[in-house]
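What Swiss-Prot annotates here:
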ACT_SITE  D129  active site, proton acceptor
BINDING   G12, R73, F74, G103, D104, G105, S106  ATP binding site
BINDING   R22, G23, V24, V25, R26, R156, G187, C188, E189, K213, K215, R216, H217  ADP binding site
BINDING   D104  Mg(2+) binding site
BINDING   T127, I128, D129, R164, M171, G172, R173, E224, R245, H251, T252, Q253, R254  substrate binding site
Amino acid sequence: MVKKIAVLTSGGDAPGMNAAIRGVVRAGLSEGLEVYGIQDGYYGLYHDRVIKLERRSVSEVINRGGTFLGSARFPEFKNPEVRAKCVETLKKYEIDALVVIGGDGSYMGAKLLTEEHGIACIGLPGTIDNDVAGTDYTIGFQTALETALEAIDRLRDTSTSHQRISIVEIMGRHCGDLTLSAALAGGCEYIIIPEKGFDKESLIRNIEDGFNKGKRHAIIAITELMTDVHQLAREIEERFGHETRAAVLGHTQRGGAPCAFDRILASRMGVYAVELLMQGYGGRCVGIQNEKLVHHDIIDAITNMRRPFKEEIFNTSRKLF
């Protein structure tokens, strides 16, 4: 029977993580459990950075961005000896189960603890990239979307005033969900995402066609890591003679107070994680599909499940632009 649980946040931070921690802590306490927080993710677990959490520990955090527990990337966790020491930390505090909030890398860590040591782990999807399998939305995605959209709206104002071409680089790594949604909502003229690839010459031809038809400005939304956006801006400007500038939104997309959607989603997922543990589940990851909370085998989610591409949204954007 579960008596003590711990929660950690791992990898890149995302708005709403604090709300998820709050959900885990208060749901756990309501079940009579002792709840611990692990500072700085798996790195903190390795270095015994464990603190006890009470109701007041999570007061006034639901509206705060980031994660008050801290987060860190810890590639050393791939080492079996490092994982074994992390398990020793859990045993030291007699912690029975662990809730891990993060992305694919965080899930992989939970998967290894489950497979190798039988630790009851529950994964919650916390990343602005929306690239975790088994869920329609991840914690932080909607807030990051609003941040990106605000930037696009501001760029449109100045691009229109100066007949400028603006390139906006949006986070997402190898997933184009954030770029696609922000571009559709922001009315961007061109969208470049990993799922559809990038043909520079085709982009330049499309821009040329648009200006030949009377366009006076353009906004290009592109997912990070696909190309050097500043070099692309220089090439476009040299080709057309139109002033072209690139804006990299970067880590501003991770910060800021979470929106209502993310606060609610994170709270629901945090409470649901505790419910699953009380029902005897372990080695699961939580998601939301068709507005309902679901859970999947965490190993299956990592190795077999794939996120479907939002083809309908992409096709809609093509018709509008």
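One is the number of the first residue shown, and numbering goes on along the chain from there.
Heads up, the Cβ atoms here are built off N, Cα and C, so glycines get one too.
M171 (substrate binding site) sits 18 Å from E189 (ADP binding site), counting Cα to Cα. The Cβ of T252 has fewer other Cβ atoms within 10 Å than any other of the binding-site residues S106, T127, T252. Around G187 (ADP binding site), the C-beta neighbours below 8 angstroms that are at least 6 residues distant in the chain are R156, I219, L320, F321.
Neighbours of R245 (substrate binding site), defined as other CB atoms within 10 A of its CB across all chains, total 18. For the recorded site, G105 (ATP binding site), the DSSP three-state label reads helix. Put simply, the two farthest-apart Cα atoms among R22, G23, V24, V25, R26, R156, G187, C188, E189, K213, K215, R216, H217, the recorded binders of ADP, are 59 Å from each other. D104 (ATP binding site) sits 21 Å from T252 (substrate binding site), taking the C-alpha atoms as the reference points.
Annotated pair R245 (substrate binding site) and E189 (ADP binding site), C-alpha to C-alpha distance, rounded: 15 Å.
T252 (substrate binding site) falls within a helical segment according to DSSP. Considering only the recorded positions G12, F74, G103, D129, the residue whose Cα is spatially closest to the Cα of E189 (ADP binding site) is D129. Largest Cα to Cα distance within the recorded ATP binders G12, R73, F74, G103, D104, G105, S106: about 13 Å as a whole number. Each of the binding-site residues R173, R254 was scored by the number of other CB atoms within 10 A of its CB, and the lowest score belongs to R173.
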